[in-house]
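Feature annotation from TrEMBL assigns FMN binding site to 12-17, 59-62, 97-106, 132. What TrEMBL records for 349, 381, 382, 383, 384, 415, 416, 417, 418 is FAD binding site. Look at TrEMBL and you will find 459 tagged as NADP(+) binding site. Sequence annotations record features per position, and here TrEMBL assigns domain 'Flavodoxin-like' to 6-150. Annotation source TrEMBL lists domain 'FAD-binding FR-type' at 205-445.
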């Protein structure tokens, strides 16, 4: 009989595709398959020619871009020298997860399906396209597609004689077991982030423990938005970056939430353990140190502040000893209960910790071995770098808007990473933050004499700040006009001229560091048109903005509440004929290509540039 092996490969940016891939893996184990679930970039792609049965689960990010953990696989798969019969022995299926409000809906899944077909693969089913915009979310497509998939797979690989599909009522074994150690094996959490010289460049697996130098609020105390200018010392890390790059920061849960979690589950936070896989061949979590304390696991690894997914309630229902709680958990994990689950979880942005509070009998019965199956790991957060290495050697600066708001039910919510960063005070001790740098999607011209119009339609001023610092450090002089776009409804300037103090002394430097407001009185006679949001009128209003000089490298025109096409048209309208325009830079989320290549809709504007 043919060996019953199934490989499930996923490309996931926010964790949804990974969660779906792991769900397929659990269903495969119930059908007695030898199953592996791996991120596409973690898999040795050279072995793909030997695989007989593969399911791909992949998301689409940004403007039709692959997730970070499948980019190497993506580049390899589209090599032109791959033979057209490379994958002729493979039966495969592709499940895409996307959002139909984006132009390139599920672009990666469609292209992957087509490419594997070109290389000789045998599709089991047409590509499935899950949609976040559906009333029931991606599961509206995933559920029926999985039923059809298992029918196809079991027709090719029938169950062994005497075996039946394991019932969904049976709880599968955990992926890992916890082996507790004696107390003298404990090591404090402070030893886990020591700043040791890295052997390689810092990465997600090996972040650099950067010292926080300063944490300064740059908005007024009376202002509704708390924005921080935070500086890190990365001396000795080997980190290099340029304007437009991104720093990734690994956040952690606050001590109060960690304490509540341990109390709910009746865990001793100081217990030390070793993690061991239940099945041979299962890889240990790459981001978790060994040995480890319960406190470190909850603080640095388990994302207890995320909105729980359907799989969370499905697994939780197996531990419930309370009939009422079990019935509700089973409802949330059923296909029929997805609308109710959305109302309970997604609409109020309920956290995992809050959900555990709502099911106290079940929570107290959760075996610690299942924690890593139940709760996903904390994902790193990306911040545009707001400084230049030329201006600040060995330092990284970021601008962080602290996320705090209330839901429709008046429940307070806070961003995990921004709140944690804002709480750190470098004046009270040696504060270390794990980080690494990756290339951003915004690319500035290498030629310092190239004129640039920078348009930030709601994306923030941080990368522009870095680019201006870089130009100033290279000796460019005066005449720039810098304006930062406000949050809709903002009436007063949030960040003033102090944000660019190093520029103010330069000969000829004139900076207009102000938000667009609703005031029609702006100085000057030459007044090109810009747009901003007018809260009184409730619509986009035109207003004048004096551009003090077009003869020098930088003029920054951030427009909020505009599409990129509108922004491009506005830029074309206000550029005087005397401006030697050579590049237009617009932020595009998650893009690895140049901004111009990501904006085909702009080809009507600046034709000399984009031809």
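All positions are counted from 1 along the displayed chain.
Positions of Cβ are set from backbone N, Cα and C atoms, glycine also.
Positions of the features from TrEMBL, shown on the structure.
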residue	record	Cβ neighbours (10 Å)
15	FMN binding site	16
59	FMN binding site	29
62	FMN binding site	19
99	FMN binding site	17
102	FMN binding site	16
105	FMN binding site	18
349	FAD binding site	16
382	FAD binding site	15
416	FAD binding site	21
418	FAD binding site	21
Check: min Cα-Cα distance from residue 62 (FMN binding site) over binding-site residues 349, 384, 416 goes to 384
For residue 384 (FAD binding site), the number of neighbouring Cβ atoms whose distance to its own Cβ is within 10 Å equals 23
Listed in sequence order, the residues of the same chain lying six or more positions from residue 12 (FMN binding site) whose CB sits under 8 Å from its CB are 18, 19, 21, 39, 57, 58, 59, 67, 69
Residue 99 (FMN binding site) to residue 382 (FAD binding site), Cα to Cα, whole Å, comes out at 21
Between the C-alpha atoms of residue 102 (FMN binding site) and residue 349 (FAD binding site), the distance in angstrom, to the nearest integer, is 23
Pairwise CA distances across 349, 381, 382, 383, 384, 415, 416, 417, 418 (listed as binding FAD) top out, in Å, at 25
Cα of residue 105 (FMN binding site) to Cα of residue 382 (FAD binding site), in Å and rounded, measures 23
Cα-Cα, residue 418 (FAD binding site) versus residue 15 (FMN binding site), nearest Å, comes out at 20
Rounded to a whole number of Å, the separation of the Cα atoms of residue 416 (FAD binding site) and residue 15 (FMN binding site) comes to 16
